Structure formats: C-alpha cells, structure tokens
Amino acid sequence: MRRTERLWGAAVLQLLLAARVVAAFELISVGIAIGAASLLTTYLSYTDIYCHFSECCREEQPLNASALKLDLEEKLFGQHVATEVILKALTGFKNNKNVKKPLTLSLHGWAGTGKNFVSQIVAENLHPKGLKSNFVHLFVSTLHFPHEQKIKLYQDELQKWIRGNVSACASSVFIFDEMDKLHPGIIDAIKPFLDYYEQVDGVSYRKAIFIFLSNAGGDLITKTALDFWRAGRKREDIQLKDLEPVLSVGVFNNKHSGLWRSGLIDRNLIDYFIPFLPLEYRHVKMCVRAEMRARGSAIDEDIVTRVAEEMTFFPKDEKIYSDKGCKTVQSRLDFH
C-alpha cells in the first residue's frame with residue numbers, strides 16, 4: 001500500500017514539474033512574442049518617422065485614383081482621350097497585384113498640348129515629390145543623348161542607370177522627353193526591361209513605369225481632328241481607336257520619331273499610344289485662366305481674351321487650332 005502511495009506521489013510530482021516547465025516555456029514564448037511585436041512596432045514607427053523626413057520608396061502604396069482624376073480634369077484642357085486612357089491605364093496597373101510587364105505609355109502630339117504637363121501630374125500622383133523625386137527620372141534627348149556617334153555608349157549607360165534605379169525602387173518612373181529627336185536605336189536598349197520577363201539579371205522591372213513624349217504623329221492627329229470638324233462631328237466623339245493604330249504605324253515608319261522600326265513596337269511592348277489633340281481657341285482661354293489662378297490673380301476676362309487672340313491659329317483658312325497650343329501662355333500673360 002505504501003509502495004503504491006509512493007508511486008502515486010512520484011507521478012503527481014512529475015506532473016507538477018512538467019506543468020511548471022510548460023508554464024515556463026509559455027512565459028518565454030509570450031515574452032518572445034511581445035518582444036518581437038515591440039521590435040516590429042519600433043521598426044515601423046522608425047520607418048514612418050524616417051520616411052517623414054527622407055523620401056522612401058513605398059512600392060505597395062495604392063494609387064489615389066480620385067486625386068489623379070481630379071488633377072487631370074482640372075488642369076488638362078481639351079484632352080478627353082488622354083485623360084480617360086491615362087486614368088484607366090494607371091489605375092489598372094497599380095491595382096493589379098500580378099502585373100506581367102512594366103506599364104509603357106507613348107504620348108504624341110504637337111508642342112503645347114499638355115504632354116509634359118501630364119507626365120508631371122502622373123509623377124506627382126505616384127511619388128509625392130513628383131519630378132523632384134529620387135524615384136522619377138527624366139531624360140531629355142537633346143541633353144542626355146546629343147551625339148549620334150555615341151549610340152552604343154548611351155545604350156550601355158541607359159541600361160546601367162535603369163537597372164540601378166529599379167533595383168533601388170521597383171516602382172521607379174522613367175520619362176523620355178523629345179523622343180522625336182532621339183537617335184534611332186538608342187531606345188531599343190531598354191527593350192528587355194519592358195518585355196514579359198519575370199526578371200532580367202536578377203532584377204524585376206514589372207512595377208516600373210516608362211513614359212515617352214513625342215511630337216511625332218502630331219500631323220496624323222491633326223488630320224483626324226480636322227476630318228471630324230469638317231464632317232460636323234464633335235471633338236469629343238474622337239476615341240482612342242480612331243488614332244492609336246495610325247499612330248503606332250506612323251511612328252514605326254518615321255525616321256524622326258525615336259521609335260523608327262523599333263523592337264518596342266514590333267514586340268507590342270508599348271501599352272498605349274496616346275494622342276494629344278490640337279487645342280482650340282476655347283482651350284487656350286482655359287489655359288490663361290488656369291495660369292492666372294496659379295499666380296493668385298483674379299480672373300479678368302478682358303485679359304483672357306486678349307492673350308488668346310494674340311496666339312496664331314491654323315489651318316490658314318479655318319484658323320481652328322493654336323499652332324503653339326498653350327506653350328506661350330505664361331510669357332504672354334506677363335505683358336498684361
């Protein structure tokens with residue numbers, strides 16, 4: 001009987017010891033969990049504080065589509081096609097968690113129609129510092145790639161620059177201005193980065209955005225707009241499908257487009273060819289008013305009319321479209 005009691009007592013003691021060990025491990029586990037949570041909170045707080053004073057690349061930050069829409073509608077005049085396509089393209093791209101390639105947009109139209117302005121709006125909506133952001137990169141053909149005999153050097157440097165910046169921030173934005181002045185062949189250096197590859201040399205380019213700005217195709221866009229006007233059809237009836245096929249073929253066959261016989265077009269790597277329509281008299285007046293508001297001035301319709309009437313318009317007989325768009329509005333307003 002006593003032996004049974006001793007065995008029973010030993011079993012109870014073992015159970016009590018085991019319970020204490022389990023409790024100790026549970027306390028350790030809870031302590032580790034609390035410590036990990038504390039470290040994570042501290043890290044996140046530190047990151048937030050750091051990013052408040054220094055720009056951070058927040059790749060997963062969603063696009064505020066409403067803010068972009070408002071910016072385009074309030075600041076871009078006479079470009080219903082561009083507004084619709086850019087809004088849909090960016091929203092779809094940023095909301096897609098499984099994109100297969102970078103977003104590539106090619107903007108076409110005469111000077112002063114809003115191409116540079118749109119690239120600025122897009123940059124500001126993707127990265128708060130806009131064109132001043134460390135993650136937005138602007139290339140100007142006549143400045144960065146001036147010499148035809150250095151094409152191979154430019155191609156190598158361009159690849160290294162893009163690779164390095166996308167490695168630092170996957171959602172980098174690259175803007176190529178004056179594409180119509182870019183020597184043929186240079187832009188094909190970035191073709192592997194725009195293609196449907198998961199990675200190129202260990203780097204994924206799928207979250208990056210490439211924007212090309214070009215005057216090439218401006219004549220094709222104007223012809224379509226004039227055809228609509230002469231047929232008595234509304235400007236707002238022009239759709240992307242009326243111009244995109246003509247633009248892609250036109251710039252592919254144009255030696256002065258920067259995309260002459262480019263593999264980017266041949267491989268269908270440019271997602272949208274976006275037309276910027278020539279601006280009418282009423283649109284120029286909108287630009288004048290916007291500039292006056294930006295300067296903090298009261299809107300004076302007499303000045304608005306005088307500035308708009310100082311602009312020159314084409315074709316010679318109809319005089320429908322401003323030949324400089326809104327490009328000289330700022331300087332002309334200085335005289336009033």
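Glycine is no exception: its Cβ is also placed from the backbone N, Cα and C atoms.
The ATP binding site annotation in TrEMBL covers G109, W110, A111, G112, T113, G114, K115, N116. Taking a C-beta cut-off of under 8 Å and a sequence gap of six or more, K115 (ATP binding site) has these contacts in its own chain: L107, H108, G109, L213, S214, F276.
TrEMBL lists 279-335 with the feature domain 'Torsin-1A C-terminal'.
Under the heading signal peptide, TrEMBL lists 1-24.
With the fewest other C-beta atoms within 10 Å around its C-beta, N116 stands out among the binding-site residues T113, N116. Its Cβ placed at the centre, W110 (ATP binding site) has 22 other Cβ atoms within 10 Å. Of the listed binding-site residues G109, A111, G112, G114, the Cβ environment within 10 Å is emptiest of other Cβ atoms at A111. With DSSP states grouped into helix (H, G, I), strand (E, B) and coil, the domain 'Torsin-1A C-terminal' (279-335) comes out at 29 helix, 5 strand, 23 coil. Confidence over the domain 'Torsin-1A C-terminal' (279-335), given as mean pLDDT on the 0 to 100 scale, stands at 95.
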